[in-house]
Amino acid sequence: MNRTYKTVWNSATRTYVAASEMTKSRGAKGASACTTLMAAGGGLLSALAFSLPAGAAECESPAQYCSSAAEALAAQTGDGVTPPANDAATPAELTAAINNASVFASNPIVAPATQPAVAASSLAAMPAPLASAPVTDYIAVSPNVVGGTSTSTTSSLNAMAIGPAAAASGINALTVGAGSGAAKDGTTAVGSGAFAVSANATVIGAYSSVAANADNSVSIGYSSRSSKVNATSIGSFASAAANGAVAIGYKTFIPSSGADSVVLGSYSSATATGSVALGTGAVADRVNVVSVGNLAQGRQIAYVAAGTLPTDAANVGQLSGVTGALGGGAVIDPANGAVVAPVYTIGGATYNDVGAALAAVASGNALESADSLRYDTANHDVATLGNPGMPVKLTNVADAALNADSSDAVTGAQLYGTNQAVAQNTADITNISNGSAGLLRQNPTSRDLTVAKDTDGKHVDFTGTAGPRELLGVAAGTTASSAINLGQLSPAVASLGGGATVSASGSVTGPTYRVQAGTQTTVGGALSSLDTGLTSLETRINSGTIGLVTHNPSTRDILVGAAMFGTRVDFAGASGTRVLDGVAAGAVNDASSEAVNGAQLQANTASTAAALGGGARVAADGTVTRPVYDVGGKTYGDVGSALAAVVSGSTEAGADAVRYDSAEHASVTLGGTAPVQVTNVRAATLDAGSLDAVNGAQLYETNEAVARNTDGITNLGQRVTDNTTNITHLDARTTTIEGNVSHIANQITNGELGLLRQDQESRDLTVAKDTDGARVDFGGTAGSRELIGIAAGTTDTSAINLGQFKPMVTALGGGAQINADGSVTGPTY
């Protein structure tokens, strides 16, 4: 593994020197000068050994103290050294200072740590285990700069400028890179040509910028730009020109009309206030809309949950329910999502909508008939069946809806059932000793149980003389006010991991997570620890020090998998293959392993088309169109057919005919003793297997291409121009669980009253044990009731109490808690 070093002040040599990361130091009572300097320089010159004016900071050997800022200032004044009035240095001065201590001997802004004597002295003062720490140059300044060699700052507090022609002029302003500038308080500009001219702006990337009057804005990526307040642009050529706009991706765009809009994906844009564009090429051009495509190319939104509120999106499953209710064969076409209209047949005619079908029914009913049934009055409030004295029997009547608002006709079976229930109730009522037994009822239609639904009261108490009781036979809760059973709680507790369990007594033991070499007892704490680790990892990946793609700070080259095995690099993604852009022209020779770019391939294809002749050309997709050859009055689309036609025509006997020299057809001699010129030769097919004759134009094009390639070979090189790793930030959320105990499904006897009983021997209570029904409703006139006296559940169908639920909520961390009214406040991570 690589060793990690830190820098400490050596008072003997008055320089910072490298020391092991394990070296212990003791801080000063106040804010130490060396701590301040190391914090400021750590992010820019992490491994630099540099010198300060005498007394500026006194971080001595590991066994000594680091002097405070006040002590350092006093020591400096005592040495008679005046602090530098200007913190700017030209590249030439900086380079000389690093490698030659005598340049600024009178007023050292930067002093070297590379001279043998200094290194020897520094190492000699350290303990033996640290003597091997290397000392070398950590800054190289190019003598070849554009735009001048001066870097400057104003007198603004803590302003810093690094790089040729860089300028910082605001309080706490920082600029790094040739020609970069940070012109307002709190601004940061990093990258060649990067500019930040609004307060608290952050700019990272060559030629990226935050414009004036764009306070608090962020611009990250080559040529990215943010020009309004609180705007964010991330990605090469990304532009956010509206207040509060967020543009993420290559060439994303938000104009001034897109305030508070968000775009995510290359070439996507949002031109209206509060709009959101998601995906490559997406366009959001209406106020407060979310777009996932454009006019030319839309996208499906998959895995959409069914909407439950008027403003929720509906999915195809919900729409299918509507088409099913329509009947008549109405369905959703699975190929394109269109609704296939229903077909209703009424009176021999077909109709494709409900309105037309109902109109046809109404029209048919208007026909007079001797057997028709009519209302007795124009108000349609009375209808008499049959004739006077001759009652009519109605058969095949559907069961009526039995509720307080129902006006349906009941059937004999329904009335019979009611009579039977009344008879049974009469028998049951005689056995009820008091009115408390009548509070538990069962709906004869739904078979659901209700507890005191017509009375008030907020609690249902199951406590007995022996204390709380365990509630058994509880089905899994499905609504916010349903009781949840232990079968629902156990998977949730198990999903917490970290040893979280439900004991045999029903109590919940919280989790213990070992994360980042520490111990956390809540999900929130564990996630926070992981987030800290991920942030550190992201910093190292972004700096190019680790990962498959790394950056060599000396050569400035990008390395892909340099330390890994493998013979292929696959750039394909979830959407298929990708275009590799910014590829320099590769060397074209027998020994070359460099990639060629589109321009090289285009030139080769063009030369091939020219060599073919016959009108052959390079099509828009890069292919070569077929040539057209005219031989003997006929046209041919390939060289082989054209040559066959030529051969066929040449068989005609004549004094001027050209013939093979022998029966083997191995050679043909043209003319007599003098050479013969062959003209009007069609362009030959140029490939590895071609035996076609080439014409002068093809050879000329080839010669031209060779000349161009010869010139280009001298300047060829390979370079990877853009390889960006995106880190997906972990944003995990734990599902909140809230439950108020409201359902009971214990065993009880048959009937509407007297369903709650107690066994005289076991003293256990049963609720409707001999009846059907899937629900027990404890709601009353004042709403839901709280169930109290519930013992801890011990089986999958047992109700759990608040004592079991509370440890799980606490284990979530993130501020999750159970409120005084029993509701659960979810965590925030």
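From the backbone N, Cα and C atoms, a Cβ is placed for every residue, glycine too.
Unlike curated entries, TrEMBL annotations are predicted automatically.
As written in TrEMBL, here are the features:
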DOMAIN    1-48  domain 'ESPR'
DOMAIN    304-329  domain 'Trimeric autotransporter adhesin YadA-like stalk'
DOMAIN    393-436  domain 'Trimeric autotransporter adhesin YadA-like stalk'
DOMAIN    473-509  domain 'Trimeric autotransporter adhesin YadA-like stalk'
DOMAIN    582-622  domain 'Trimeric autotransporter adhesin YadA-like stalk'
DOMAIN    677-720  domain 'Trimeric autotransporter adhesin YadA-like stalk'
DOMAIN    788-824  domain 'Trimeric autotransporter adhesin YadA-like stalk'
Review point. Which sequence positions outside the domain 'Trimeric autotransporter adhesin YadA-like stalk' (788-824), separated from its termini by at least 6 residues, show Cβ-Cβ distances below 8 Å to it?
Key: 459-464, 467-475, 483-487, 489-490, 492-493, 496, 500, 502, 504-511, 520-527, 734, 736-741
Check your understanding: Helix, strand, coil residue numbers for the domain 'Trimeric autotransporter adhesin YadA-like stalk' (304-329) per DSSP?
Key -> 11 helix, 0 strand, 15 coil
Practice item. Give, as a single whole number between 0 and 100, the mean pLDDT over the domain 'Trimeric autotransporter adhesin YadA-like stalk' (677-720). Key: 73
Check your understanding: Quick one: DSSP breakdown of the domain 'Trimeric autotransporter adhesin YadA-like stalk' (788-824) into helix, strand and coil?
Key -> 11 helix, 6 strand, 20 coil
